[in-house]
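Q: In case it's useful when we look at the structure, here is the feature table from TrEMBL:
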DOMAIN    A:29-300  domain 'Gcp-like'
BINDING   A:109, A:113, A:130, A:294  divalent metal cation binding site
BINDING   A:130, A:131, A:132, A:133, A:134, A:162, A:177, A:181, A:266  substrate binding site
């Protein structure tokens, strides 16, 4: 029996989760939400995490009904992500690991999303679409690496959606993407927007600058409503994502798709991916907001895999890094 | 009445043809057209896309594909001949390159076929062909080893290298676009064929030697490579 606690805080969510041999014992989380029209800055986010992290840690242990002595390993997000929030969380992880006398494990955030997705959905060897505010990658496992087949060559799809939300001042509660999704359901007019797929890669900066510039003009001139723009933006960017996923599947001969990351909560994206999968006789796997959105249990799960395959992070190696490629990690727990 | 009849003609023709594969973009059939072995590429409607977006994209890609293939052909690059295009069904009728296999299968199979050249001369050949294509300002847009066909010669292994699948192609003189084109190939190459970094370097060397405008392109390729790494990843 192996019990791992995982600490996550690379963006505006701070989560701590405990996993015991594939069972999620607890997974509390807090989100730093800014007023409409504003994004979240590193120092404010770090301040938010600092204020709540010990409360969340207590919750995680209480909800799991465990004491520190029961924990076998302390996992934390090594990267990628925002600098100061990452440091804040790593600091606490290092401290409790030393206090409790437990080994440390620095985990790659992207790989954590994948491992959690695999655990929850039991997908065998899927093509993974990892989409969030900070990342957009199409990943497939091959020879001990999670190889990146396609990705954004500029900004993440979630970043594009978040920035559009700021332009039209949609609330960030519970998340800008969620509110865009609700508004999109009420939109009906399709407005043509730039569509950029380059082979297996996508580009969102063009559509972002286009819509940032044109949104107010289009809405005030009565050409379309904000709901229509939300609808059109989703249809366009999600089509791009489904397209590159399908390309990767065709290239690898894969019959499974797993969507992970915060944008993966979006039901329209899941619906579109489902249609594509059905046409190809492929299976779609997705999780709900508990595990799509950044959370501590996913760090614990990746940590559990790494720990069981014999990995440990020494204190002097427990630094965090803002840039940490998914394919940098040797996946020692799979063959 | 006549219009409906003619619009039904292509789907009817295809229903009798042999379906080779269903790619991400299109269905590919084998048939005989005007007495010749023909590949028909039919871009079908993608149900997940909004109909207006789907129509715009599909039409644009059909047009771009045909234009790029013709441009390459005029420049002496080996590509299939375009026999016929039907814009209502978005179908392109192309010459079938009989007796060929993809470069991807070629690299993946080991030992490599004795009749064809080894992997290193192959990589050099690919570099040369891409150089000629880029010098023509054609950006393929979807360079992978599945989009290159090798037809081996009869005895002494002299083979012909074809480029196919120009669905994402466009015309551009910018070194940035050519650099990204090579970057797409590099990523697809290294993900599909692990541990072939040296082979790909050979390809790039051959490209640089063969293209008159290569130094700016290689520089852009290096920049684009770093971009993925330098980008701050959050969430």
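In case you wondered, yes, glycine gets a Cβ from its N, Cα and C as well.
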Q: Check each of A:113, A:130, A:177, A:266, A:294 (the binding-site residues) against chain B and write down, in sequence order, those whose C-beta lies under 8 A from a C-beta there; write 'none' if there are none.
A: A:294
Q: With an 8 Å cut-off on Cβ-Cβ distance and a minimum sequence separation of at least 6, pull the same-chain contacts of residue A:113 (divalent metal cation binding site), or say none.
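A: Listed in sequence order: A:130, A:132, A:260, A:261, A:298.
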Q: Considering the binding-site residues A:132, A:266, which residue's Cβ sits among the greatest number of other Cβ atoms within 10 Å?
A: A:132
Q: Report, in whole Å, the straight Cα-to-Cα distance of residue A:266 (substrate binding site) from residue A:294 (divalent metal cation binding site).
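A: On Cα coordinates alone, these residues lie 14 Å apart.
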Q: If you compare CA-to-CA distances from residue A:109 (divalent metal cation binding site) to each of the binding-site residues A:134, A:177, A:266, which comes out shortest?
A: A:134
Q: By a simple count of other Cβ atoms within 10 Å, which of A:109, A:177, the binding-site residues in the record, is least packed?
A: A:177
Q: Can you tell me whether DSSP puts residue A:109 (divalent metal cation binding site) in helix, strand or coil?
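A: Reduced to three states, the DSSP call for residue A:109 (divalent metal cation binding site) is helix.
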Q: Can you check how the pLDDT averages out over the domain 'Gcp-like' (A:29-300)?
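A: Mean model confidence (pLDDT) across the domain 'Gcp-like' (A:29-300) is 96.
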